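S.K.: Dumping the structure here so I can ask a few things about it.
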Amino acid sequence: MISSIFGRTKPINFIFLALFALCFLLGYYFLGNTNGFTLAQLPDFLITAALVTFTMLLIEFINRKNTLTKDNSYLTFFFLLYLCMFPKIFADVEVIVAHIFVLLSFRRIISIRSGQDVRSKIFDGSLWVFVAAMFYSWSVLFLILVFAGIFLYGVNYYKNLLVPFVALLIVAILGVTWKLWMGQELDWRVFVDMTPTLSFDKYTDLRLVFPVIFISGIALISGVYYFMKVGGRAYKARIPGWLVLLFFALAALLVALVESANTSELIFAGFPLCVMMTNYLQSIKRKWLKEAFLWAFLILPVLVLFL
């Protein structure tokens, strides 16, 4: 049933997902607050809903332009439900915004393969990463994706390698200008607060144990399948897949190094993981197994909400 609905790309599918997101967000705000949903929370609710909707649209756009999956709606389906498995992500607007900028960076880097406006794409990709870092310092890790794209696509001329540093200079100048304009103190520790902490105590919470175990198992299976699938392609066709795998590896490293009370850093692993899961799902021939896979993703977030 679910596979027949989301197995094709239709506008109605996105409407279904957007409505589900709104209902889930309302449920999260009601159940996550002992006083229920109040008017004071309405602006936060609307901002979060708008950002999540935009993120889904951006993911769909990146997928269509680069054919990371087949013509279906599974990627958006998985991504939304992945976020819902870790609903505390919705409470951290700055991380959601940083994630959007990282996705914008990835969109520019993966499009280098066209061979057009290469330097401009490298600049944009770098710029978006540094802007993301202003909202969430650890986002700067994804600058590795920029340099990976430069080398994988064979455009590693010295001028291109200097472009990210130009982007850094521009963002730094804009940041200083903004601070001076607002009359604020220039405290750069705010932007480079990157003390690694290898602590996983927060994942002992029952509401996180089940989703983490489920996602880890699926990530292992999907990751191995996707790695083998990418390895069987011609060199140029492999590069987008390699970038997706690197994206996921960097996100996993970020999750391991960062300590936050609300597990919001998990959002960065969502897109590449869902690309891998969608490719794995597309390989499943037995319809009942595919349905079970999709239903598990649909039911688990609802269970987490009521735990």
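Note: Cβ is positioned from N, Cα and C throughout, glycine not excepted.
What you are looking at is a predicted structure, and each value in this text was computed from that prediction instead of being measured.
Okay, these came from TrEMBL:
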- 12-31: transmembrane segment (TRANSMEM)
- 43-62: transmembrane segment (TRANSMEM)
- 74-106: transmembrane segment (TRANSMEM)
- 126-154: transmembrane segment (TRANSMEM)
- 161-181: transmembrane segment (TRANSMEM)
- 208-227: transmembrane segment (TRANSMEM)
- 239-258: transmembrane segment (TRANSMEM)
- 264-281: transmembrane segment (TRANSMEM)
- 288-306: transmembrane segment (TRANSMEM)
S.K.: Which stretch from 43-62, 126-154, 161-181, 239-258, 288-306 shares the most C-beta pairs under 8 Å with the transmembrane segment (12-31)?
M.R.: 43-62
S.K.: List, by number or range, the same-chain residues at least 6 past the transmembrane segment (161-181) whose CB is under 8 A from its CB atoms?
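M.R.: Non-local partners: 119, 122-123, 126-127, 130-131, 134, 143, 146-147, 150, 191.
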S.K.: Near the transmembrane segment (43-62), which residues from the same chain, at least 6 beyond its ends, have a CB less than 8 A from one of its CBs?
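M.R.: Non-local partners: 14, 17-18, 21-22, 25-26, 29, 37, 68, 75-76, 79-80, 83, 90, 93, 96-97, 99-100, 103-104, 106-107, 110, 271, 274.
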S.K.: Restricting to the same chain and to residues at least six past its boundaries, which positions have a Cβ under 8 Å from a Cβ of the transmembrane segment (264-281)?
M.R.: 59, 62-63, 68-69, 72, 74-75, 78-79, 82-83, 86, 88-89, 91-92, 95-96, 99, 102-103, 106, 138-139, 142, 215, 218-219, 221-223, 225-226, 229, 244-245, 247-248, 250-252, 254-255, 258, 290, 293-294
